[in-house]
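*Asks:* One structure coming up, written as structure tokens, with questions to follow.
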């Protein structure tokens, strides 16, 4: 039987058995630094040993490696996407022989069985090919490969692909794609790169999603040079890059401070024939604005226009919005002048953005001029324009001018929407003109224009603040009759009004509805209600409120109950406080004679003094156990005393020690003290870990301190700590609730830099929730920014 040199046809897969003698560098990372297209000589020493095996011949045809001992040389044309793999991880090799049969791959009998030993190189390498795979033909190995993928054995599958490459077998391409994506997901970028190169050189064409995932993984690891090389090789592999590919690399360059390199990269891509994607161009200019300033962004805009990449209105609106947010109206004027130099007139979005910024700064004369200018152009004021003006005029207390604009929009056949009416209602209630607002509400219902939940909430809040609780309850009843269910804001407005007027029985009824509907009730409301009830000697009702508090939404720390009891006792109502305390003991909320009383008594007597602590063994585990017990019983102040005493004992607090105390303060809502311990921890030279940051993050989110949570999030991502997706979503909804659109964009970028890419539905739900909550202007602004960032489609509507 003759030799079969065709088994090693022209292909370029660097494996332990193959080495290139060309000028290429060692690319064990899985990426080529540019291979020469000249022919390279592959010296391959193949030692073959013939082995007899009794059995039936396999029905499947097998490729013959050849018999006898031969040494021969093969010439191979190097591929542009060549890659050198010096080692293949075979750590899971021992599992293969057992997995072969577990997956139903039968062991085949043959008359003669071939084994190939790559003698010289194999002896110096850590690779030992499993004989089951070496003996299998291409079809059998692909069956095994697909089963590996189905069972989630990514490492085994990647090793098998490398083995198949050594045997000149073509792997199953869909399986290769799945393996590449899975490897990137677990941050095995080098292995993913190797599999991609093997796939390309075997004739496969990876899709754009796979390429973008790999490039994103390289950028995340800071391997920008290799990411650019992969991008350059994409076209030759049959899959040209798209906007997301360029956007990913540009963002990574800016994140690494390579501003000029990013600009030069995009210029080079344009010169190579890359389509002048306007969205990519807009993103580049936005990044330049943030890092280098507006002046530099205008310079880049003009330079790239020479390369055929021209801005559009979205680009200029982004620049304008950036300058308006910074309140730098000089740069705003420069952007408008540059826009006109390109023969592009401002549109309604441009004017509305400018009006929004000027109104928020109180420049009413300039607002009037721009409004008159809009009437003279082809972009007259729209309902959004009028809503911006009316909303800000009402916020500044200029109700008369707001009503004038309302009359103008009606006369100019620009029908107002519910946002317009809500702005007017808010302005009327703010000026304590609630009766006039009620008349408008009735007129609105008669015209067939249905008020929404926010409309009724504004009215109820206005009446509650004026003390007109009967009218507030009338609007509340009218609201329910119209088929609109009250929400937590509705009930909180009524509850605050009743407590303000000392109508405690009515407040209790509202509280019952809130607990029944699982609405959030603030601790201050419970505290005010219990104080008032005890003051009026209605202890039974107070006990009922305590039970509602215990069964209601949210977990109230024991410290809250203790503070309420102490506060009632401090006002002279010790008997009532005792009864409430007894009820809390019955509900097993607080302890009677347990750890709390003993530890408190010990601390009061000074048993945990500095001198006493010195007599304890210097074991930090002992102190951590004590601190954990104190924090578990919400005796955080006592835990803090122990922490301070530790520093005098010569037993330095550890990372776990600080984390226990920070977690304790975070759970009881004492975020200032938690941040104090956090600062003390860093001063002592101990860097916070993921547990510390997560405790602070949960604490800030629990207290609705969203902006502080964002700062912790930035530090967490910067240190590459893992943040759960639910934490991101809670932060986004919290920011939308307080109308911090800029911070929403900031959090979204932090999410992306942390490797979390939400689906489009997540963005859509956020915008939809903002619009439903009456923040249509903020929702529209966020929608525009997300479209510019290419994470939301243009046709996505607010309604």
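Just so you know, glycine gets a Cβ as well, placed from its N, Cα and C.
Sequence annotations record features per position, and here TrEMBL assigns repeat 'PPR' to 207-241, 242-276, 347-381, 382-416, 417-451, 452-486, 487-521, 619-653, 654-688, 724-758.
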*Asks:* Helix, strand, coil: count each for the residues of the repeat 'PPR' (382-416), based on DSSP.
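*Replies:* The repeat 'PPR' (382-416) comes out at 26 helix, 0 strand, 9 coil.
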*Asks:* Report, as numbers and ranges, which residues of the same chain sit near the repeat 'PPR' (382-416): CB under 8 Å and 6 or more residues beyond its ends.
*Replies:* 348, 351-352, 355-356, 359-360, 362, 364, 367, 371, 374, 423-424, 426-428, 430-431, 433, 776-777, 780
*Asks:* Go through the chain and flag residues at least 6 beyond the ends of the repeat 'PPR' (654-688) whose CB is under 8 A from any CB in it; none is fine as an answer.
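*Replies:* For the repeat 'PPR' (654-688), the nonlocal Cβ contacts are 557, 559-560, 620, 623-624, 627-628, 630-632, 634, 636, 639-640, 643, 646, 695-696, 698-700, 702-703, 705, 708, 715, 719.
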*Asks:* Helix, strand, coil: count each for the residues of the repeat 'PPR' (207-241), based on DSSP.
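*Replies:* Result for the repeat 'PPR' (207-241), in helix, strand, coil order: 27 helix, 0 strand, 8 coil.
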*Asks:* In the repeat 'PPR' (487-521), how many residues does DSSP put in helix, strand and coil?
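*Replies:* Helix/strand/coil tally for the repeat 'PPR' (487-521): 26 helix, 0 strand, 9 coil.
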*Asks:* On average, what pLDDT score does this prediction assign to the repeat 'PPR' (347-381)?
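*Replies:* Average per-residue pLDDT within the repeat 'PPR' (347-381): 91.
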*Asks:* For the repeat 'PPR' (619-653), how many residues does DSSP put in helix, in strand and in coil?
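*Replies:* So the repeat 'PPR' (619-653) is made up of 27 helix, 0 strand, 8 coil.
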